[in-house]
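**Student:** Below is one structure. I have some questions about it.
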Amino acid sequence: MNGPSPRSSHLSQPVVKSVLVYRNGDPFFAGRRVVIHEKKVSSFDIFLKEVTGGVQAPFGAVRNIYTPRTGHRIRKLDQIESGGNYVAGGQEAFKKLNYLDIGEIKKRPMEAVNTEVKPVIHSKINVSARFRKALHEPCTIFLIANGDLISPASRLLIPRKALNQWDHVLQMVTEKITLRSGAVHRLYTLEGKLVESGAELENGQFYVAVGRDKFKRLPYSELLFDKSAMRRPYGQKASSLPPMVGSRKSKGSGNYRQSKSTIGSSDNSSPQPLKRKGKKDSNSEKPTKVKQSVKSKNSHQAIPDNDEGIFKAGAERSETRGAAEVQEDEDTQVEVPVDQRPAEIVDEEEDGEKTSKDANQKDDFSAMNGEAEDRAGSKVADAPEEEEGIPDQGEKKASPSRVNGGTDEENGEELDQVTEELQPTVDEKGKAEGDNSAQDEAGLDAQRPPRPEVTVTSPQENEGNESNKASSAVA
């Protein structure tokens, strides 16, 4: 009755254990779950084999099983409890680590949130606004070489931190300006005051760089710029040289020039200033009117009554005192403009042209006369031969031969007159040139090509020639 019945033992379930196994000495291995089935894992060696495949330790096969806290070694399968934690190791000794805390996420404790809302406390501390704080801009100065009034001023930017080191400032000035004496040792103001530290440098001011020589007192300020433009407010950005005073673009400059041009002119002929629209222009005209009125009064006083003009000096100058005025006389040469000079007729050029034309015409007539005489003589000599060879045609050709031979009375008279006029000139030239020139001319005449024959005939001869030509054509 007290012992278990065979039926109950037959119906009992097999024992199954589940354990978590860690690696020996591995702080990052979170453990591996291993299930021990009673039928499959019947001995401790089979359990070690199952743990070796599940853990996959780098040291190889698992040979020992330890408890995680004390490192107690387990030798039998019955000592393993279900749901327990164990450490699997090889031949090495047990390594103490906090295996149970490996892989657990630590929860941070929640801080107590203060739900109370404090009221706003208005502070009475006076703090300057951001835009009122001075910016740490570099100090800008303009440098001039000692005794140099020609070269322009050089602009140098000095950081604020470098102003405390005066030697460093002088080194920067030396790199910017080259002196004949060498490095820059001192800085002076334009008035000649020595600058001993960087705290004395003012932004936008001009300084003279001096080497080992002495400071040369020269009018630097008068030659470079106007004194009114030297000073600048502290903290203003000096990006360029001071502006020029009296520029053309200043307001009211046009009206001021116009008022100057009207000085000394009469009231009727003086041009009036241009009228412009706008309130500003009406206000700007007021000072110009005052200037015109003041200057016009002075100008009326300076103009003399004898209407000599405004360009005559009102008083005698000291340079001209005692000087005698030179009067003009007959020998004084006066230059007159071209349009006021009397017109002159030049006859010399026309006379010269006439004489040259007459000489050329005489030469042409003499040449033509000589050639005509030569050709007429040759034709007269050839005429008897033609008459002997052809007796029938002698009468027909008698009229042309007579014209060329000079048998006509009118033709003969004209030729005789021309030869009589030109014969003296030809004789004089022949005597002067001599026998050699005569031979040269004869040779040149023989080499010259024949010129066209010139014959002078009367109207009656022309009619006779035409009738002879007509009869010969009919025959």
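Glycine residues also receive a Cβ, built from the backbone N, Cα and C atoms like all the rest.
Sequence annotations record features per position, and here Swiss-Prot assigns domain 'Doublecortin 1' to 17-100 based on sequence analysis. Residues or ranges marked as domain 'Doublecortin 2' in Swiss-Prot: 139-221. Marked as region 'Disordered' by Swiss-Prot: 234-475. The compositional bias 'Polar residues' annotation in Swiss-Prot covers 252-272, 455-475. Annotated compositional bias 'Basic and acidic residues' per Swiss-Prot: 353-365, in sequence order. Per Swiss-Prot, the feature compositional bias 'Acidic residues' maps to 407-419.
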**Student:** Could you count the residues of the domain 'Doublecortin 1' (17-100) that DSSP puts in helix, in strand and in coil?
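**Tutor:** Result for the domain 'Doublecortin 1' (17-100), in helix, strand, coil order: 17 helix, 23 strand, 44 coil.
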**Student:** Summarise the domain 'Doublecortin 2' (139-221) as counts of helix, strand and coil residues per DSSP.
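**Tutor:** Summed by class, the stretch gives 20 helix, 25 strand, 38 coil.
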**Student:** Would you report the average pLDDT that the model assigns to the domain 'Doublecortin 2' (139-221)?
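**Tutor:** Its mean pLDDT is 90.
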